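Asker: Okay, handing you the structure first.
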Amino acid sequence: MNRFVKGIILLSVAAFFAECLEFVINMILARELGEHGMGLYMSVLPSIFLVVVIASLELPVSISKFIAESNPKLHESMLKHAFRMTALCTAFSTAAAAVILPFIPIFDSYHPFIRGLVIGMIPTVAFTSIARGYFMGVQQMGKIATANALKKIFQLIGLFLFFQWYSFEIDTSVLISVFVLVASEVVVFVYLYSQFILVRRAAAKGQHVHLRRSDVLKRLLTVSIPTTGMRVFHAVTNAVEPFLVKGTLIAAGVSKTGAVDQFGMLSGVAMSIGFFPAFIAHSLMVVMIPSISESYAYRQYDRVIKRIKQAIFITLLYGIPSVMVMYHFAEPLTHLFFDSVKAAFYLKLLWPYFLFHFFVMPFQACLIGMGLVKDAFYHNVWASAISFLMMYILGSMEELQMTGVILAMNTGMLLLTALHYVTICKELGVTLMLTNKTGSPRIESR
């Protein structure tokens, strides 16, 4: 069994376990926070993830790409430069967040300690990114899988202990939920960094080639900056989306409380169920970035096409049955969270969104591996712009409301998938069926 397939299986099994825990975690949150509290929690999460994305600088992607493409003798020097860059960026990001966050109105309706928790996540996530990127690059997916599982186990135990023995007001319950999330990131940091130190001590005994700081930073930032830009844009749109959806529903005649409750059912229930199978897509993405990077760097285009075909086959294999189960068993699945007819209706409408999302993740990994990060970024911009425009137009119609919002989400995800796939085929010089074009420069160069 080759490393690609073995990595996918290993990550998928661990991710399945983690997603099962995530499912239980969301059930606990739904029952303890209620519809309104769940809406508040899901509304603030995108803003927290935005800070995390900025703090990480997408180093897992850039470091894994560097490691996969380069000689092992270069790794030690690159990691030292990456560590220094991370320390500098973390100091700046933490100071900037401490100054800026108190003035961001998004957090005004939450417990004041949440700002401090978000600031505390910055150095934790930043330095974890180095270890995560290294293990992705050398394709030691077992450590990544273990870290992901540990995070969910700690989060589940923490929430269970707090909410089993004590009862809190909604704002305190949301604070505790965020605290447990931040603490789980610390657990991941401790595990990955301890493993990273052990591995690098063993590797330090070999020969190393010193790299200039400017060369390392150039290679890392060439990937990190556009990838971070893409993730920041995605995080910003996710942070804006709750307020756009709620504002759109209010414009359609829904009360403010009703809008928060509906968004809680959409994001906290329907999206939680729909994204459950995405652990396979995420596993594909993690494994494909170093694999595609290595193959593309050595002009092994036939191997790149093979990986894409494998990703499509795997996605069809689990994606179609997954959305069929969601559609036909929407009521019993959503009743695990709330006894709500609306949540089941939302889940049924969202099946195209989830199916195409499963394709987007491996396609995006392929674009990153091929050095087309800017293209992936532009695709996200166009898809989000059209989705948001349609969301406001359709969602503000009194006869559509949340149905219009979901139709816009489906359209945006379909467009994003198509843009990614067409760009990949164009770059490789193949047809949409991934067959050779006559006279293709890519095919002739093999």
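Heads up, the Cβ atoms here are built off N, Cα and C, so glycines get one too.
Predicted automatically and left uncurated, TrEMBL annotations should be read as such.
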Asker: Could you check which of 291-310, 311-330 is flagged in TrEMBL as transmembrane segment?
Answerer: 311-330
Asker: Taking 82-107, 174-199, 400-424 as candidates, which has the most Cβ pairs under 8 Å with the transmembrane segment (40-61)?
Answerer: 82-107
Asker: Where, among 82-107, 174-199, 377-394, 400-424, do we find the most CB pairs under 8 A to the transmembrane segment (220-245)?
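Answerer: Comparing 82-107, 174-199, 377-394, 400-424 against the transmembrane segment (220-245), the winner is 377-394.
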Asker: Between the transmembrane segment (149-168) and the transmembrane segment (113-137), are there at least three Cβ pairs closer than 8 Å, leaving out pairs fewer than 6 positions apart?
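Answerer: Since fewer than 3 Cβ pairs under 8 Å link them, the transmembrane segment (149-168) and the transmembrane segment (113-137) do not come into contact.
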Asker: For the transmembrane segment (311-330), find every same-chain residue at least 6 residues outside the stretch whose CB is under 8 Å from a CB in it, and list them.
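Answerer: Same-chain residues near the transmembrane segment (311-330) but 6 or more away: 8, 273-274, 276-277, 280-281, 284, 288, 344-345, 347-348, 351, 354-355, 358-359, 362-363, 366.
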Asker: Check for me, if you would, whether the transmembrane segment (350-370) reaches the transmembrane segment (400-424) - at least 3 Cβ pairs under 8 Å, residues 6 or more apart in sequence.
Answerer: yes
Asker: Same chain only, please: residues at least 6 beyond the ends of the transmembrane segment (400-424) with a C-beta under 8 Å from a C-beta of the stretch. Say none if there are none.
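Answerer: Cβ under 8 Å, 6 or more out: 245, 248-249, 252-254, 262, 266, 308, 342, 346, 349-350, 352-353, 356-357, 359-360, 363-364, 366-367, 370, 372, 375-376, 379-380, 382-384, 386-391, 393-394, 432.
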